[in-house]
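Database features, via TrEMBL:
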| type | residues | note |
| --- | --- | --- |
| DOMAIN | B:24-255 | domain 'Phosphagen kinase C-terminal' |
| BINDING | B:27-31, B:HIS92, B:ARG126, B:177-181, B:208-213 | ATP binding site |
Amino acid sequence: MQCQECGKRPATLHFTKIVNGEKTEFRICETCAREKGEIIPGTTGGFSIHNLLSGFLDFNPGSHSHNPSAKIPENLRCEECGLTYSQFSKIGRFGCSSCYKYFNDRLDPLFKRVHGNTVHVGKVPKRAGNHIQVKRKLDELRQKLQERILQEEFEEAARLRDEIRELEKTLSAE
Amino acid sequence: MPNLRFTEQPLSKWMSSGGKDSDIVISSRVRIARNLLYAPFPMLATSEQSEDVLKRLEDVLDDERIQAFGKLYPILLEDLDDLDKKILVEKHLISPSLANESKSGAVFISEDESLSIMVNEEDHLRIQCLYPGFQVQEAWEKATSVDDIFEDHVDYAFDDNRGFLTSCPTNVGTGLRASVMMHLPALVLTGQINRILSAVSQVGLTVRGIYGEGSEAMGNLFQISNQITLGQSEDEIIENLYSVVLQIIDHEKAARETLLKESHLRMMDRVMRSYGILSHAAIMESKEAAQRLSDVRLGVDLGLIDSLSPQVLNELNVMTQPGFLQKIYSENMSPGERDMYRAMLIRDKMGK
Ligand SMILES: [Zn+2]
Ligand SMILES: [Zn+2]
């Protein structure tokens, strides 16, 4: 099936747009979806980012059927807030922070599509995330250590090795 | 009593100084989204839970380090009437969804209105910093230091892998949305805008027109912001936005020079024609106002008009919106009356 927007590329995304309770289905290609979703989000006649997300969530690679309930286990729900995965895929919002844990297995493809990435590398809260900062620092030092060894700068390598040992100690003490 | 100081003046104090590259970048904004551990996100929270979140976040206002950012005024959304809410939205101090949909929604606004902290919007906490001109780095630094202070008092929902957990999957990770509002009339006039905007969206940024009552981009204003919040560090996000905006500034400058050099008379005519119409028209629709104000702003920036300050134009951008018009003239006006009052207001401001 061809994209309804450009008529050129094959349609890979299915959208449900609901305006005043009236449901309209769209079949469009990813390029057009991105354009639509990004350039006129939330405006009348446009796709909102949450419509776009639902499109991503319902996206079923290699299949022409558009029946989300067929592939989502009925019982998949967040035990903390009660949100089901199918509700999540309709509204495009999590109900609580535990949803991330309960839906975790299904989130990588979504995040990959939205962000191109699945793992956070930015700021870490100081109290909750001290060990993450230590882990990151360790990775960095280990890499430096490898470089020093390759360049045969052994004095500096020894210093780095000691620093790594110290950090490993603080990590295991936690 | 609700605090009405923020809805009386159209221009926030932070806007009165121009800031870097302010002939092209109108403003820079950074927003970070945070949630508290153990409370459902606002969408599913009960009234009690939302009130509790508000209380816990409000307590942070007592911290001296927060007070160092200038006095913050807490405002409960339920204490505001619809018109005042509308005006706070028009000034970008709160989001439409905080105004319309939130339970125990509140906002803490700093004296100069450069810092606004929303509570119980889509996420429990949204820290927003606004700066004039191209100061996205400065806005980020302020936002992150406010974030640090909140973090000292409350436990955030954070995951080793996913970062800061947010209600919407598009904010997870850093929770950071950095954006700049750009005035790009020369790129629009020379027909280069679409090429540039599509190039921008290739590098993980999004572009939005600034919408008026319809759905068309108005007044050649474009908001450029980061799309990705997961898998890039805050510094990478800010730097990426910074370098792309810098390039757009260069393109816009070059296009302005070309226009001045190759079509000086036509530019002069366009700018002065819009100036004339704004100073004399009796009916002014919002879309026309935005376009004419854009022409006049370009005229001021290019030195073709020297009798107007950019501040007057910033002021008019805010004041010609429906909420402010209602505030100034009459709460109950039809769209037709609105166009009349809009024309009157612009004449007053320009006719000096
Ligand atoms: Zn297409
Ligand atoms: Zn949940």
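Including glycine, each Cβ sits where the backbone N, Cα and C put it.
Any TrEMBL annotation is an automated prediction that lacks curation.
Note that the structure is a prediction, hence the values are computed from the model and not measured.
Within the model, the domain 'Phosphagen kinase C-terminal' (B:24-255) shows a mean pLDDT value of 91, rounded to a whole number. In sequence order, the binding-site residues from B:VAL30, B:ARG126, B:ARG208 that place a Cβ under 8 angstroms from a chain A Cβ are B:ARG208.
With a 10 A radius on its CB, B:SER179 (ATP binding site) counts 22 other CB atoms from all the protein chains. The number of other Cβ atoms within 10 Å of the Cβ belonging to B:ARG208 (ATP binding site), over all protein chains shown, comes to 20. Within 10 Å of the C-beta of B:SER27 (ATP binding site) we count 24 further C-beta atoms, all protein chains included.
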